[in-house]
């Protein structure tokens, strides 16, 4: 069997597995967020927090919860790294410098998992397991909570909320649910059970799972070799499932102990895509029309399939002087995954906010690296990060119905809600933030003398390394063109700021949007209403994503990956 | 109370709630979850959870089947980190691992700091490395009556992997080394070829991943074969 055919079959197997999980998981998540029951462990956490999980929150209160919880996470993680030298379980690990500790704290709390350190070298087991891995769960749950709040905004009808229950007096903003309940349920009922299963599958494939610390074994040719043990599989599972991406080891999912064989590779890609795709079903359930969810799903799946096909094509074609001399673009790719297994992973990780890598994007072909960049620049909506993918795509859907409304001269509406000036302003602010951060910081890094000499590769690729870093940071992806020496005060600080603003400013506008939608009564459907569950709308949505976000970056892409790709 | 006091007090209260939530969830996700997974993993898959160690015919642990090793001649000066290692051509050779030796703080293979080179396809450094590696592969594998051509050398043989710890080579690279290994160990070519075939793994389920040869596993078998002579 040719490697190309094997790659296509692997993609189809992935598609089939995702399709099988779509309905049960999507429906389950809808039940989780609409349930009025509390498990005992959840009640214990609510008591510790001092929160009433049944109290409805309007958007400012919901946002305050998100920000307070995330700020606490940043402070806690920062302190943990600063004192790791004196903590038990981390012998020999030095405290992390202030700028790198800030960068890492911001990185893990924002679901980015950009790493300017080498995993096994810098972070002790206590920081990895009790600090970083915890944020893998909770930052993912925060993303899901915000997405669910937006869905409730769409679903709310006068005097009710998303889950169609008790009445409340109408006002210009409506209740969105309870942040603490959404956070805790996301962790307890969705992420932990799936992670336990996922981790055990990975261990069965060969991933490491112990508390052994530095481990020494003999070697074939005499002498010894050492590796760091630890809770690797358990972190790997949530790292993919929560679209986090921070590796236990420096080589991330290319390391054989994180990703031991072809099957574990396919399974990790499945974990990355599982929740983001299934959330469109949850959205359909909660808004009372699963077909609306299918339309969003179709737009996501279309972009994902096209990107995967393009990536396979350019990597198998292996243009570029060194790859042509070698006879294949295998630099930075593992033998057991091959070109296809690497290409499929690479697209999945950049079209979501994951950023885990099983092969090194800097050594992809020029156009392949460009696809990774563009995937993130689309705003990571196909299918995007857990939660953030859904709310990102719903914001784009609002822009799409607005554009359609402009074409026919009608006031746009979506899911029975009028899309007025206020909603469009929120949506526009949402999608302008990330490009402003990416292009602004990239321009500053290139123009200012400060970070000079930190790129590894010459020419357009060197520029791509910087563009990639800010694209990855501001979009909360976390993957890198790793030749960039990012552990400097300049990059640690500016990337930390880009990650924080790129995560929380969009959330402010999403929640404000959700609040304004929740306060609105439904508009009756007429013959002139755009049918947003039809293929026409899916096509419009794909076009909007490509044009609105893709074109913003075209000049920057032309200077980096396009210049490199077209020259070879 | 002034407005700013009110805001400060409310912020502090919110932050306190956030911190308590974080601590409670840390107990759950940072302590109980890894403990539970480790417990089950250690009970159900102890060999794999502890690093898939490989033993030779004599029962000595020779490494992990998942972690690539180098098969080099002993260094002339063991204390010189700059000395370029010379491959021991009696054994099957793995892929290059340039990322491993240039990117870690500790360049010795002993402390496994994984990593890639991150070199781009249009970088002269990578182009030169590939060309040099290709010439070396052809030279090293030339045996009596056998000289590989440039087209015989698979791309994996001249490029570094992502982790730098790739334990595998493609079957084509193993096949290319058969003549040399047979010659250096005074074995019949057919015998070594049969050994490679016995240690080649196909794609999982016929289509997942790529066909591989585990170099350490193969060399352990080769050593066992030599030991029986």
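Note that Cβ sites are derived from N, Cα and C of the backbone, with glycine treated the same way.
According to TrEMBL, the features are:
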- A:61-80: transmembrane segment (TRANSMEM)
- A:190-211: transmembrane segment (TRANSMEM)
- A:263-282: transmembrane segment (TRANSMEM)
- A:294-313: transmembrane segment (TRANSMEM)
- A:390-408: transmembrane segment (TRANSMEM)
- A:429-448: transmembrane segment (TRANSMEM)
- A:495-515: transmembrane segment (TRANSMEM)
- A:536-558: transmembrane segment (TRANSMEM)
The transmembrane segment (A:536-558) versus listed stretches A:190-211, A:429-448, A:495-515: most Cβ pairs under 8 Å: A:429-448
Cβ contacts under 8 Å made by the transmembrane segment (A:294-313) with residues that lie 6+ beyond its boundaries: 4, 7-8, 11, 22, 273, 276-277, 280-281, 283-284, 339-340, 343-344, 346-348, 351, 367-368, 371, 375, 378, 381-384, 389-390, 393-394, 397, 532-535, 537-538, 541-542, 545-546
Among A:61-80, A:390-408, A:495-515, stretch most in contact with the transmembrane segment (A:429-448) (C-beta, under 8 angstroms): A:495-515
The transmembrane segment (A:61-80) vs the transmembrane segment (A:495-515): 3 or more CB pairs under 8 Å: yes
Outside the transmembrane segment (A:495-515), six or more residues from its ends: residues with CB under 8 Å to it: 58-60, 62-63, 66-67, 70, 74, 99, 102-103, 105-107, 110-112, 114, 116, 146, 149-150, 152-154, 173-174, 176, 388, 391-392, 395, 398, 423, 426-427, 429-430, 433-434, 437-438, 441, 469-470, 473-476, 486
